[in-house]
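Marked as domain 'Major facilitator superfamily (MFS) profile' by TrEMBL: 1-366. According to TrEMBL, the feature transmembrane segment maps to 21-44, 105-129, 164-190, 210-230, 251-269, 275-299, 311-334, 340-361.
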């Protein structure tokens, strides 16, 4: 349900106040978690759990809208990366905190504590966050994106409906959607199947396999942060002189690095291969995958029309969820019908597809709607 909530939240973020939407999502999430702590009925728990996913889906879209509103294009990738890293860090810490609360105070405390904290935080956040620089008296030219949004809000040659149709027909949007779909297919496939491969085929212990797989997320953390910072430098240097996005060339390079590492993982790793060599391969795969995952979101958000950036990101994120789903039953069927080699061949073909798609994207305008129609 989180994926549904995130998609819906992306669509709503183009029409609602980011501050109101974000704090409302926080407040609902907190209240639902408090209710879960006092729930004993399975059906009610299922309903609340689904509602919790929908409410949490309202968190990310308004955050990205606020980033676009407040900061320049030359900072957007870096700040997006830091926001993503913060989410990953929280995901890493929460199991430890949950285990502590459950062990010492019971399972209900694991929901009650974050629920109350989130409700209190939502009240504080509502009075701290502002939707735009103009709300606090800053000029419209506070950053380039704010000035652009101000102009397009007051005067546009096309209606909102025409802009939505143009967005859906945008070649660049579909490049991002298919690329993100395949990237999440590979990421989910590597994350869910590699440990089994190391244990069942290579003969590594569960402990060693778990250590190696932990480097996927470690590499992803470094890849997320580095990709935003480095490509911001490229946008600053080449952004005004290229039709395609300067963020794409690094994505092409890492798509093929990812391909090579996935290939080496299933063809060169044996029972005698050092754990650190395996970990290094998985680290590089994680670095490459999360570079792409991070930048697909950035590209969808920063190149969508100002009034539809949330919608463009929602469409691309929906494609990513489809890719993650496709890594389930299809890869299971392949592993049962053939062998582990066939599973990795499927992941390699998906990586190759991403690389070739991005090469073609260098000839596609990054503007999802003709800028002349928005002036």
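Keep in mind that glycine also has a Cβ here, set from the backbone N, Cα and C atoms.
Here the structure is a predicted model, which means the values were calculated and not measured.
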Next item on the list: May I ask for the residues of the chain that lie six or more residues beyond the transmembrane segment (105-129) and have a Cβ under 8 Å from a Cβ within it?
Entry: 18-20, 22-24, 26-27, 29-34, 36-38, 66, 98
Notebook entry, point to check: Under a criterion of three or more Cβ pairs within a distance under 8 Å and sequence separation of at least 6, are the transmembrane segment (275-299) and the transmembrane segment (21-44) in contact?
Noted result: no
Check: To what whole number does the mean pLDDT across the domain 'Major facilitator superfamily (MFS) profile' (1-366) round?
Finding: 83
Notebook entry, point to check: For the transmembrane segment (164-190), which partner among 210-230, 251-269, 311-334 gives the most CB pairs under 8 Å?
Noted result: 311-334
Note to self: Quick test of the contact rule: Cβ under 8 Å, at least six residues beyond the ends. What residues does that give for the transmembrane segment (210-230)?
What the structure shows: 77-82, 84-85, 88-89, 92, 190-191, 194-195, 198, 204, 250, 254, 275, 278-280, 282-291, 293-295, 298
